[in-house]
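Notes to accompany the following structure.
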Amino acid sequence: MKHISIIGAGTMGNGIAHTFAQFDYKVSLIDVTKDSLDKGIATITRNLDRMVSKEKISEDDKKRTLANITTFTSIADGAKNADLVVEAATENEKIKLDIFRELDKVCPSEAILSSNTSSIPITKIAAVTNRPKQVIGMHFMNPVPIMKLVEIIRGYNTSDEVTKTVVDLSKNLGKVPTEVNDYPGFVANRILMPMINEAVETLYNNVAGVQEIDTVMKLGMAHPMGPLQLADFIGLDVCLSILEVMYDGFKNPKYAPCPLLVNMVRAGKLGVKSGEGFYDYRENKKAEKVSSQFDS
Ligand SMILES: NC(=O)c1ccc[n+]([C@@H]2O[C@H](COP(=O)([O-])OP(=O)(O)OC[C@H]3O[C@@H](n4cnc5c(N)ncnc54)[C@H](O)[C@@H]3O)[C@@H](O)[C@H]2O)c1
């Protein structure tokens, strides 16, 4: 395992590229536009600068890490030599299935194809390829360079050998890989998303305001951040889409997304990435409560 191709240079893709490159893998970072790639590299550079200033890595480590990353706007060019692909493109089933069809054509026959999807079944992704034994989930957590967990999702056909390779590789990155099976939400989101949804429902029912709900969970349950703030960081659109996948997958109303969450996504309030969610992240208003409409 030497050549790693990462698809998508967004929040997760640039963190995954950073992590592999820091551990001296040769990384091909692929996105649809040069602009997305430039933004991804700028984020990696900023994050490495922060690590240098905190004396976690040296200036030479930073240079070496950046030199290990090459960018591409074409999957065919960026994945043709891959030993492993980690797909971290937008959470959209059609986009991912199209990417895996193409990867199956252009990657070496022995390459392992993995997805960082939060919710799309690995077995469904594997089924569009001719190598379902070599398709697996590598669900990294945000921010990738810091968070230790990698949820390793075995599709219905994923082989033991491929699972072992990916588990060993994750350990080489200093991560703690944890094997789970391929059912909606896997483990992390199956437990996290109902909690976030219930926090939104609690707000919707006027039981308490945004800060009160988050304070109860932070100080009462020792969570490092409250569920509404966490939802803002994950992206409310991402939370909604994961809940919908679980609702459809289990046909169980307990996963039905709260109408307030649906409305906020419709209104473009997606959390940190749009500047506003349950909190206001514009200019100096960081972490200020969004006014009356959602919590009165
Ligand atoms: N954000 C999180 O906290 C988080 C955590 C775990 C897993 N995930 C999963 O990681 C994946 C990426 O999420 P994100 O938050 O980084 O999204 P993002 O929107 O920040 O980035 C997605 C990137 O994919 C690119 N892209 C879209 N179609 C592409 C294509 N055909 N080829 C190449 N690049 C393409 C986009 O241009 C964009 O740069 C999703 O599957 C998501 O569910 C996200």
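The backbone N, Cα and C atoms fix where each Cβ goes, glycine too.
Automatic, uncurated: that is what TrEMBL annotation is.
The feature domain '3-hydroxyacyl-CoA dehydrogenase NAD binding' is assigned by TrEMBL to 4-182.
Listed in sequence order, the residues of the same chain lying 6 or more apart from M12 (NAD(+) binding site) and placing their CB within less than 8 Å of its CB are A88, N116, F140, N142, V144. Residues annotated as NAD(+) binding site in TrEMBL: G8, A9, G10, T11, M12, G13, D31, E91, K96, S118, N142, K273.
Annotation source TrEMBL lists site 'Important for catalytic activity' at H139. When other Cβ atoms within 10 Å of the Cβ of H139 (site 'Important for catalytic activity') are tallied across all protein chains shown, the result is 23. In the three-state DSSP scheme, H139 (site 'Important for catalytic activity') is classed as strand.
Marked as domain '3-hydroxyacyl-CoA dehydrogenase C-terminal' by TrEMBL: 185-281.
For the domain '3-hydroxyacyl-CoA dehydrogenase C-terminal' (185-281), residue counts in helix, strand and coil come to 66 helix, 4 strand, 27 coil, using DSSP. Rounded to a whole value, the Cα-Cα separation of K96 (NAD(+) binding site) and H139 (site 'Important for catalytic activity') is 15 Å. With a cut-off of 8 Å between CB atoms and residues at least 6 apart in sequence, the same chain places I30, D31, E87, A88, A89, T90 near G8 (NAD(+) binding site), listed in sequence order.
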